[in-house]
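First the structure, in the form of structure tokens, and then the observations on it.
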Amino acid sequence: ALSILKGLEKLAKMGIALTNCKATKKC
């Protein structure tokens, strides 16, 4: 179960990074 949580956390961080990237247009 822990590995799944860590995977979700990683995906969430990537999603946030992508959102920031698009918002600031610093891709």
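All residue numbers here begin at 1 and follow the chain in the order shown.
From the backbone N, Cα and C atoms, a Cβ is placed for every residue, glycine too.
Every protein chain considered, the tally of other Cβ atoms within 10 Å of the Cβ of CYS21 (disulfide bond) stands at 11. Feature annotation from Swiss-Prot assigns disulfide bond to CYS21-CYS27; the stated evidence is similarity to another entry.
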Name the secondary structure element type, per DSSP in three states, that contains CYS21 (disulfide bond).
helix
